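Taking it in order: structure first as structure tokens, then the write-up.
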Amino acid sequence: MSVLRAVLVQDMARALLLAAAAFILTLIVGGWWVHFARKHKLGKRIRPDGPQSHLVKVGTPTMGGVMIVSTVVVLTVLFNLVDRWSMLLPLGVMISFAVLGAIDDWLSLTGTRSKTHGFTVRFKFWIMTAVAFVASLALYLPQPYGLEHEGLVQIPFVGEVNIGLWFIPIAVLIIVFISNAVNITDGLDSLAGWNLTLSFGAYGVITFLAEPRLTNLMAFCFTVVGACAAFLWYNAYPAQVFMGDLGALSLGATLAVVALQSQQWILLPVIGIVFVVEALSTLIQTGYFKWTKWRYGEGRRVFKMAPLHHHFELLGWSQPQVTQRFVLIGTVAAMVGISLALIFGSPQSQTQVDQPAMIVQETDGVR
């Protein structure tokens, strides 16, 4: 076995072991959290204007994202905090958005803000934007102040493109949009959890094959995969616990940061197609309703209900049918995203892989 191959195998083995450890630890934490949430009546409130079939979920424990976030943070700090800058960024974003989501969940549960059932949309938006701006600066700034990505992006059929300072506002938009998109998708049992598992898994493979220098990020992705898989144990239909804003906002923002760090964020709409379509369906529904109300005096709708998974429920699909079909779409999209990343990968990364391989071959020849 060549030296390069041995290193790659070792990196993948470490990532898979972290995924397995995350799965086991999340199962343990999850069992405790479900019991704790039921005991203290941390049950979710269900929108009365949603599908009537969802009313049976009233009182189901929420804030289940804590089992994922806590596991990922602990395992990353203990076993994957080697390159501090590259790992502190996704960890910092995950924790920041988790705190915001946890407070919002708590206010919703306690009724402290009975009129809004949590933070106002505008307040959450500006907090999320502020955190996303700091993360974008950290990605753009040169070392030792940042990760020195300098606005580089890999575009299929084009190659490596430097978009300069435009990277910062684009990165902010991606982080805020994907965070909210995952939150919107988290409306059916295991729907968000499955698609997060697929998306992080896809970027784990991409960073392993297309960007070997980001092996710590690969290990981080697989840690999240293991934790999300264990969460599905409790979130499978009928769910024992919901992810809540704590999990959805934090994992969505973290997924966006991982995509940005890998320089393959242009593929995020493909890999995370379910999240993107769910969010767009809500924006289209809201925008069209407001426009028709202004234009015709009455609000009209494009879909029976937004987001899109509710539309299909009202068409007669059962919740498991909607989830399984959306997951199948997400699976194919993840495979397509990985394929595009490999076909149109970074020339720089290919050079970095080929050079060690040449060195190994020359060494073998000397022996």
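Placement of Cβ uses the backbone N, Cα and C atoms for every residue, glycine included.
Here is what Swiss-Prot says about this protein:
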type	residues	note
TRANSMEM	16-36	transmembrane segment
TRANSMEM	62-82	transmembrane segment
TRANSMEM	87-107	transmembrane segment
TRANSMEM	125-145	transmembrane segment
TRANSMEM	158-178	transmembrane segment
TRANSMEM	190-210	transmembrane segment
TRANSMEM	214-234	transmembrane segment
TRANSMEM	240-260	transmembrane segment
TRANSMEM	264-284	transmembrane segment
TRANSMEM	326-346	transmembrane segment
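Relative to the transmembrane segment (125-145), the listed stretch 240-260 leads the set 214-234, 240-260, 264-284 in CB pairs under 8 A. Among 87-107, 158-178, 214-234, 214-234 has the largest number of CB pairs under 8 A with the transmembrane segment (16-36). Comparing 62-82, 87-107, 158-178, 190-210 for CB pairs under 8 angstroms to the transmembrane segment (326-346), the maximum falls on 190-210. Highest Cβ contact count with the transmembrane segment (190-210) among the listed stretches 62-82, 87-107, 158-178, 264-284 falls to 264-284 (criterion: pairs under 8 Å). Taking pairs at least six residues apart, the transmembrane segment (264-284) and the transmembrane segment (158-178) share three or more Cβ pairs below 8 Å and count as touching.
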